[in-house]
Amino acid sequence: MALNIFKKLFGSRNERLLKQYRKNVQQINALEEAFSQLSDDELKAKTDYFKSQISEGISLDRILPEAFAVVREAGKRVMGMRHYDTQLIGGMVLHEGKISEMRTGEGKTLVATLPAYLNALSGNGVHVITVNDYLAARDAEWMGQLYGFLGLTTGVVLSGQTSNEKQTAYNADITYGTNNEFGFDYLRDNMAIFAEERVMRGQNFAIVDEVDSILIDEARTPLIISGPAEDKSDLYQKMNPLVKGLEKGEEDLETKTSSGDYTIDEKSKQIHLTDEGHSKVEAMLVEVGLLEEGDSLYDAEHISLMKYVNASLRAHLLFEKNTDYIVQDNEVVIIDEFTGRKMSGRRWGDGLHQAVEAKEGVPIQAESQTYASITFQNYFRQYAKLSGMTGTADTEAGEFLSTYSLEVVVVPTNKIPQRNDLPDLVFLDIEGKLAAIVREVKEVVKTGQPILVGTASIELSEVLSSLFEKEGIPHSVLNAKQHEKEATIIAQAGRPGAVTIATNMAGRGTDIVLGGNLDMEIESLDNPTEAQIAQIKADWQIRHDEVVEKGGLMVIGSERHESRRIDNQLRGRSGRQGDPGVTRFYLSLDDDLMRRFASEKVKNMMRRLGMKSDEAIEHNMVTKSIERAQKQVERMHQDERANLLKFDNISNEQRKVVYAQRNELMEEENVSEIIDALRENVIETMMTGFIPPGSIEEQWNVAGLEKQLQEDLGLTFPISDWLQEDKGLFEEKLREKIIAEAKALYQNKMAVIDEKTRHHFEKEVLLRTIDKQWREHLNEMDYLRRWIHLKGFAQKDPFQEYRATAAEMFEAFLDEVMFETVQTLSMVQIQGADDVDAYEQQQIEERPQELEANHPAAKGISDAMNNAASDSETDSSDATYRRETPKVGRNDPCPCGSGKKYKQCCGKLN
């Protein structure tokens, strides 16, 4: 009550905003007469004038009235379309980074041209996002005429385009595309090895069409790029028998030598080959054709074979059947070492699982591994400014505000709505409901009134189609199976007597025009004459008037959707631009929503009345019961999205750190200093395990350190001799000496290639190592996410446990990147530039050629997370990387909130 009184006194927030926008509309209208007097060249020159103003520091808000007036005038000249005042308001809402709720038929496609033009003047690009490729291509071509007239370029990104084509599209002033394609291109850019492979140039301003569908309905599952993990079954098969020919040796700590072919480190579950073992393995690999005579395992082109050798050694010597794993249904299933339970679906990494499969003679499974992943929430929140349009956003206004900081503004219609929304009819069962729909359609179609029947599934659309065929009712069906015919079917749906069956989402973005789509009819003719066009227009006017007289488009909903928004979208197909129309939903107690949520009161009442199958009830209590059910489902789905976002925010913080550092590394010409810092860090960490900080010499394990340096980094240093020769070689000086000697050896090795080749090689090794370890980390994070809920049974908060464990895993990921990068560069043998070329060629061959871009259909939250586990020569300046966050000093607190210094946490790679 008090709120209503307050609104009467001061007006609602929406009304106050509209009042403010109308003042701008008056300014724009005042310019219309003067701008209509300008020549085409004078109007086009306004674009350069606006750009010069912006360069002088004038804000976009200041030039908005003039810019909108220019676009309106260009629309009249180029397309014969004038922006209504309400469309100007819609454009202002979008420019301010809000959601513009405009009813179907209010011309949202034309509305987008206003803020798109204004924001493109800054030169930073505008992305216009649609729900499918057809609409993206159509709108880019259609609205591109207007932008081109004003001197701006337009691009469209579509699935299947080459990198060159996409780069050109993203470099345009205004780029159209689908939500999936923008998201996948962002992920692909952050998987690129070379800067020139990237296609995007940042996230500046986005206008999302059908924003409720994209940011709400499709936000329950992440975008995933996946590919085969390590499809090298033949290598595992060839390695399998080699291991059996090796003999276990023992370490002699006094002589610092090892007998046999390998030694076992039980503590770390690792196998180390002796010099003799290396020679024997190389000889065996020559025999099976994996090496040529005289080749070394540590040659640049062969070094990756060590992974398969190590995996086979570990599979045979460290992992025992019925202790570490079992073989069940011809598959290797891991046994949890702490609980003894089977861990179905979990697989060891680094090729170990495939090696065990080869050992046991079961099929070696080709795995799909997640390469990159992001949710729509976290992708779209990267834009400096985000806006959206839809006919149905107000019901989700709270979620838009809390998740995306987007305010919903309801824009008034250009003409007063005349649609009549009739009460729902509820039947006892589906058969009675469908029979009633058929009867209604059969009667109405005789009058010449067009009908659109909306269904929630393809299956129901086909059932209704077969019933219509039996009754001899001519009709068209629009569902996913007729996607290519979508525009044609929708174009005819407003003709007199037309009957169209459509799934709820099909055809969104294309208006149903009463009398049929005049523009498409004219476009279908080859070089039509003026007389033909005049005749088509006259015929269309007759059809249009006939349909208006019959009551406009009738929309029949065959069942209620879980979301009120989807129902409102279906209703919105009728009554566009002040046209008449009528809508009604036909329901049954067998419908999913009614069966799951409708109150027993409704069901019992219908039974007591003794209603028959083909009789319907029409009552306010039924409508309220349905609305309560829909609100319950909406809350459930909102909770799912919030839960997904809460967990993904943890991954997102890590993703931002990795992608930002990766992009900075890609822009660096010379990473040698970074490599030196990584080597220093790895050696310091290694030394800490054998020479604890602050310890005395008697506590040092010098032999262990010598062995570790030799096995892990190929560094044979006589540390014991150094200590004998120099009694002043204490902990700190010893550390400095080892680091200096390691650096000198590395530089001598790299001296055989020129500096440019060396820098290129070092950067590629570092980036590929980051990518490899990031993939492993993503899969580990996914596994953690799937099972963390079990912590709840131990009275622990799963989210807090997930956050803490994820932080530990991220630190381990950074350590692995450092260690593997240093190990690869230390162990690799470089004789000349040819070896570098061989290494690069090998990496290209091992990189999956076909990566799968996948956005799973929205399911429950657990299903969504389970699913998550699953040629260009261009100027690199076109895709310049922009730092997303302020530069952090190495001694500053880490922005991730760990409490550590940046250099000791997320800055380890830099």
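Cβ coordinates come from backbone N, Cα and C, glycine included.
Pulled from Swiss-Prot:
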- Gln87, Gly105, Glu106, Gly107, Lys108, Thr109, Asp511: ATP binding site (BINDING)
- 860-910: region 'Disordered' (REGION)
- 880-890: compositional bias 'Basic and acidic residues' (COMPBIAS)
- Cys894, Cys896, Cys905, Cys906: Zn(2+) binding site (BINDING)
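In this structure, of the binding-site residues Glu106, Asp511, the smallest number of CB atoms within 10 A of the CB marks Asp511. Non-local neighbourhood of Lys108 (ATP binding site): Gly90, Ser100, Met102, Asp209, Met389, Thr390, each in the same chain, at least six residues away, with C-beta under 8 Å from its C-beta. Less than 8 angstroms from the CB of Gln87 (ATP binding site) sit Glu106, Gly107, Leu110, Val111, Leu114, Asn414, each of them six or more residues away in the same chain. For the ATP site listed in the record, the two most distant Cα atoms among Gln87, Gly105, Glu106, Gly107, Lys108, Thr109, Asp511 lie 16 Å apart. Gly107 (ATP binding site): 19 other CB atoms within 10 A of its CB, across all protein chains. Apart from Gln87, Gly105, Glu106, Gly107, Lys108, Thr109, Asp511, the ATP site neighbourhood in this chain, defined by C-beta within 8 angstroms of the site C-beta centre, holds Met102, Thr104, Leu110, Val111. With a cut-off of 8 Å between CB atoms and residues at least 6 apart in sequence, the same chain places Asp511, Gly572, Gly575, Arg576, Gln577, Asp579 near Gly105 (ATP binding site), listed in sequence order. DSSP gives Gly107 (ATP binding site) a coil state; it is part of no helix or strand.
A 10 Å cutoff on Cβ-Cβ distances gives Thr109 (ATP binding site) a total of 19 other Cβ atoms nearby, all chains included.
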